[in-house]
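Here TrEMBL flags Asp152, His199, Ser537 as active site, charge relay system. Taken from TrEMBL, the feature domain 'Inhibitor I9' applies to 30-115. The domain 'Peptidase S8/S53' annotation in TrEMBL covers 147-574. For 376-451, the entry in TrEMBL reads domain 'PA'. Per TrEMBL, the feature domain 'Subtilisin-like protease fibronectin type-III' maps to 650-743. What TrEMBL records for 1-25 is signal peptide.
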Amino acid sequence: MLSAMTKTLLALLIIFSLFHVPAFAVKKKSYIVYLGSHSHGPEVSSLALKRVAESHHELLGSFLGSHEKARNAIFYSYDRHINGFAAVLEEEEAEAISKHPNVISVFLDKGKKLHTTHSWEFMQLEKDGVIPSSSLWSKARLGEDTIIGNIDTGSCNTGGNVSCNRKLIGTRYFNKGYLVSAGLKSNSSFESARDHDGHGTHTLSTAGGHFVRGASVFGVGNGTAKGGSPMARVASYKACWPPVNGSECFDADILAAFDMAIHDGVDVLSVSLGGDPADYFADGIAIGSFHAVKHGITVVCSAGNSGPAPATVSNVAPWILTVAASTLDREFQSFVQLASGERFKGESMSKALPAGKMFSLTTGAQAKLANASAIDAMLCKEGTLDPHKAKGKIMVCLRGNSSRVEKGRQAAQAGAAAMILCNDKASGNDITADPHFLPATHINFFDSQALFSYVNSTYLEPMGTLTAPAAAFGIKPAPYMANFSSQGPNTVTPGILKPDVTAPGVDIIAAYTREQSLSGLEFDHRTTAFYIESGTSMSCPHVAGVAGLLRTMHPSWSSAAIRSAIMTTARTRDNRVSPMLNGSYVKANSFNYGSGHIRPNRAGDPGLVYDLTVNDYLDFLCAVGYNQTMIKLFSESPSYKCPKEASIVDLNYPSITVPKLTGSVTVTRKLKNVGSVGTYAANVREPHGVSVKVEPSVLKFDRVGQVKSFKMTLKPKWVAKDYAFGGLTWSDGKHYVRSPIVVSIA
């Protein structure tokens, strides 16, 4: 078991390969048959694993007519902690199996996506794993929180001639679900956990990479790189591959990866992927993460990149720590300087224009080919720009429809000297520093409107230039929410607030693979050891890194206590001490950021925590309507019984959400003292239109570990049409234990 090797082991459950693959239509499809838990002891024998597989063959064979047909249909038997199997079935067969008394659920493996903004920007990036040769996996100076001695690096399926070490202690890959869904036979490109893309290396290095001096992207943003838990040992579990019908990661492989990660004894799992919100027993991440949490593992997942639309947040199970994305106070600035004297701030990682020289400006529509539409040319689509009109000028392109970097390529091929990428209204203030093919910068919607006005209306020839990209710090306002970050409310269980927190997810520099070009486009041959990425894929490992630190600082804390510490110490104000804003510079709320933006130092000493046990989660499942039989199979505890009055609002969650409030509702919570002896007083910020009363309003703690409960009664003052947001803070003068309150009035 890997848990014997180190106090903190971070693992990454996302990672991917290189070649675009067409979908393969078949009548039979991949289904997950979920049976609950195994009750193996600490050490499981190969004979016991064989018996599990035989039991799966026997069950499926009773529906298919023979054991042989069952063996041919099953391609995964989950045999260690998760009980179930993945098989190729017809819809009628799946429906019949779902009626078996020992079956919790049977669901179609629809697949999931990575949560980077490359896919959100319509780029076809093929995702991959981890590059073992990255300097962030240095085995030197691992630190005092690791156990020194003989270390078994476990399975290390990296491919090539690079092995694991005392930092990167294991890699595994899982491809059977992908191959079945894609209708492919395996080959060498699918038999490795090696990173051919960069996403896995980027996210795992963000969570647990070692200190590396002189990290930069082509000299921009130079500094020392490190992960959130730089002294932790790390492992990767590759469960995602090239897109098939828009999906990169399949539940069959995700469950296999979870099952093995639990067996390996990891402490924290960072999962930067997700799908549409689904029933908890029809979601591989929800199932796998529950089994992980049962074994003391903290599971951190990305919230998704489907913002700014509401009700888009994914990974909403209450045992998951769900992370939104927001900005840092750092930008990679490249300014647009117009001959008129106007100056617009943009962001870029591209090369610079010659200093002191002005260039003519033209829009894509003005430089269009005769047979091209003005709309397509304004988007700088392939085959729309006239080289005679573009040569030597700065091309102004509108964002959308094609990737940001692809627009720059089209401008460069048309002979443009540079590009200004302009946001549309939907993109608002969400701008990104990209390594464009030519000098370029990206400006927000408001400045874009002013730029278009100048280019289209000036009597003189419009002229301008771009300043060289440079890192700037102390940017205000910061943080603010990324426009792409998925938002609440939670569509599966509205009484649980999601996301839980937000963390840096915009323009994050981390390790990258040299086996993939910067843009992911075939003609781009530029590579770098570090790269800049955006997405909730990037914010998720920030929080996973913090969870790793807390695990080392407080080894007795449960995963719920770690989540509580991170949530209740988060902030909702920016560096101007004003309320955080969304991507359109409008005041954000808890559906954007959950409890707020993380503060790792505060999380180490939260004072009080809202703790939860596995039975609390089982009570929650009873409250949302799962029956006793299903939960017994799920829980691995034959003695468990659903409480008679299970309530969602009484789950001891660090946030308080009451949808469709009618009359009076009383919510119960328990606080555990994990700090010093002290007396805490409650302070309430009432949601608009709701009265809130807390009893008792003072809690006195005489010892560490002491638990005290309180009740909160909420009553509507008047009928409201939308959600209202407030907060509860318990404080002893030193600690501030904050919980958001979210209410809608029916």
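Placement of Cβ uses the backbone N, Cα and C atoms for every residue, glycine included.
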Ser537 (active site, charge relay system) versus His199 (active site, charge relay system) - Cα distance in angstrom: 9
Protein Cβ atoms within 10 Å of His199 (active site, charge relay system), excluding its own: 36
Other CB atoms, at most 10 A from the CB of Ser537 (active site, charge relay system): 34
Taken over the domain 'Peptidase S8/S53' (147-574), the model's mean pLDDT: 92
Number of helical, extended and coil residues in the domain 'Subtilisin-like protease fibronectin type-III' (650-743), per DSSP: 1 helix, 60 strand, 33 coil
